[in-house]
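Asks: Features from TrEMBL:
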DOMAIN    110-180  domain 'Sphingomyelin synthase-like'
TRANSMEM  113-132  transmembrane segment
TRANSMEM  144-164  transmembrane segment
TRANSMEM  170-188  transmembrane segment
Amino acid sequence: MANVASQRSRLIEDALGTRYTLPDVFFEFIGILELLWMTDMFDALMFVPTALLVMWHERPWRVVSRLLLAWGLASLIRITTVAITSVPDPRPSCQYVEGNVFTTFTLHRCGDAIYSGHTLIFVVCAMMWTSFAPKNLVGRVMTTCAWGLCIAGSLIVIANRAHYTIDVLLAWYIAPGAWYTVAWFWYWHITKKGRLLKIEFPVEVGRHRDKDTPEMCQHRRVQLGLMPDGTPYDPVAMYLNLMRSEEEGDLVPSLEVREHSIFNAPISEKRDTLKADLSSSSVSVKDESCIVIAEDFDMNNHQHGGGSSRDRSRF
């Protein structure tokens, strides 16, 4: 599509009989810099440390998946914008694409404007450092340096007249939006539904780092609504776990059951919540007795080994 944009932008020069540059506020304050190779150098300066972060991260496949998905989404948006509205290129020395647009490859071609692909790489890499850098002094320093390189690279792009300022600003707006869109989708449609857990949690469900305690891992599983094996929270399975604990003489239910969020609520709220969970779940006919328990089962008594024989006989 950038080749199509290059050929379309040439129509403007043919119509005017000369190359024309649109007015740009930053062009008035930043002089022309004939060092176009610096734009690619800043790509390398952002990409190499980011690749090292991926390699050293405790969950590398999750990090690289987020990076590629966000970059791919933003690039897909760029495909839809670069050839829709053609503008005269701001760089007088650019080269137009000649020949077949599908087989010709040219770096820094004319008309490849809206929006800046170089700035897109800068911002996505900086966003990855913000989200996945180590939570220590080194991580904070590297994240600050990443954003500093991002700003400097954007100014280099403008100074070399590789893009208009609006192209750079659009990249700054779209890249974070793509990053957080992917993060939202990943959380609600992958992690919360127990999908691709080998990418999300390669060692143990709920474990982000090797030094995480079992309590921290359990807390994350409760927040995500996942069981230890990665399956979504099942109220029927939880009741079976409770009753099994009682039958085996364990007065205290398992950690997975006790620390689920509904067990920290008032008794009436526990009863209503579990009843709603059971009613909305796919309970088979043989498990209908679980619904009866949801109506009159006192979780507080059960946690202390209580519960009447009437409750147990119903199960």
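Numbering starts at 1 and runs along the chain as it is shown here.
Glycine too: its Cβ is placed from the backbone N, Cα and C atoms.
Keep in mind that this is a model prediction, so the values were computed, not measured.
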Asks: So how many of the residues in the domain 'Sphingomyelin synthase-like' (110-180) end up helix, strand or coil by DSSP?
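Replies: Split by secondary structure, the domain 'Sphingomyelin synthase-like' (110-180) comes out as 55 helix, 0 strand, 16 coil.
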Asks: Average the per-residue pLDDT over the domain 'Sphingomyelin synthase-like' (110-180) and send me the rounded value.
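Replies: A mean pLDDT of 92 is what the model gives the domain 'Sphingomyelin synthase-like' (110-180).
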